[in-house]
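Heads up, the thing below is written out as structure tokens.
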Amino acid sequence: MKSVLVALATATAVSAHGWVDNITISGQFYQVPLHSLDHENLPYQDPYMGEWAPKRISRKIITNGPVEDVTSIDLQCGGSTIEGQIGSEPAPLHAKAVAGSEVSLRWTHWPDSHMGPVLTYMARCPDSGCDKFLPGDEPIWFKIHHEGRHTFDKTWPDDIWATVSIAQHHITSILSFLTLEQTPFMKFDNEPYRYTIPECLKPGFYLVRHEIIALHSAWAAKGAQFYPSCHQLEVSGSGSVVPSASNAELVGFPGAYDAEDPSILFQVWAPGPYNIPGPAVFECPAQ
């Protein structure tokens, strides 16, 4: 019965993946992209065209579907090489933010079945800004936050991941009696995901890479699904640290993950611990 319900939920959710709809930084609200009451209006279909298109702090994504190849440059920010958007096209604006402050990202719906970790990375851009910066696969990214499996000592229906329960109502009705528990964020009351900009960072321009890794099909090779997106910050503050190979674990995208990594090739429906992929979370040096 459980496998039938999971299959139903997964099939129904194929066209119902979520994305970051808006970001709040230093009290300023940023639409990512423009909100629309038209449910067919996916994030890559901004209704404003030409000279009327509003400028963004977020880099464009081509589709609300996943990146499934860990060796693809599209893993970086959700671009689509096939569509001519390598990695992801830089945004024209930067959001002003203070080191040590909290940033809130509000997702749209998210399928209950698509359980997995949520991770956030940063990379320092050139002194001229991020608006023309394409990192390639250089190891410049440092992880600032991650969440994975919150519990693993319960039976499957009570399993708690960082992505459970932002599902649409029709998915919820299928799974409701399985009592999938809600997580600290991504709830039906649309609690945002939050990360904190490291307080020690040297002022400058930074690219933030935020992602969900959905593991519902990850028992098979290339079954993991990656949902990355990027936004651009201009960080101020009194910090002086520039993360480098001497004080942080830096990775590239692609390059940070391996398809055979036990955290990528993983049976999410089985109980047991889960080690979040990628480097250790960067910590500011002790004062």
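Quick reminder: no glycine exception, Cβ is built from N, Cα and C everywhere.
Sequence annotations record features per position, and here Swiss-Prot assigns Cu(2+) binding site to His17, His114, Tyr227 based on similarity to another entry. All protein chains included, His114 (Cu(2+) binding site) registers 28 other Cβ atoms within 10 Å of its own Cβ.
DSSP assigns His216 (O2 binding site) to coil in the three-state reduction, placing it in neither a helix nor a strand. Look at Swiss-Prot and you will find His216, Gln225 tagged as O2 binding site, backed by similarity to another entry.
Positions annotated as disulfide bond by Swiss-Prot, on the basis of similarity to another entry: Cys77-Cys230 (among others). Note on Cys230 (disulfide bond): other Cβ atoms within 10 Å of its Cβ, all shown chains, come to 28.
The feature disulfide bond is assigned by Swiss-Prot to Cys200-Cys284 (among others), with similarity to another entry given as support. Listed in sequence order, Pro198, Glu199, Cys200, Gly239, Val241 are the same-chain residues six or more apart from Cys284 (disulfide bond) with CB atoms under 8 A from its CB.
The DSSP secondary structure for Asn22 (N-linked glycosylation site) is strand. Note on Asn22 (N-linked glycosylation site): other Cβ atoms within 10 Å of its Cβ, all shown chains, come to 18. If you look up Swiss-Prot, you'll see Asn22 marked as N-linked glycosylation site, on the strength of sequence analysis.
The signal peptide annotation in Swiss-Prot covers 1-16 and rests on sequence analysis.
Cβ environment of Gln225 (O2 binding site): Pro66, Val67, Glu68, His114, Ile213, Ala214, Leu215, His216, Ser217 lie under 8 Å away, each six or more residues apart in the same chain.
Highest Cβ count within 10 Å among the recorded positions Cys77, Cys200, His216, Tyr227: Cys77. A gap of 12 Å separates the Cα atoms of Asn22 (N-linked glycosylation site) and Cys230 (disulfide bond).
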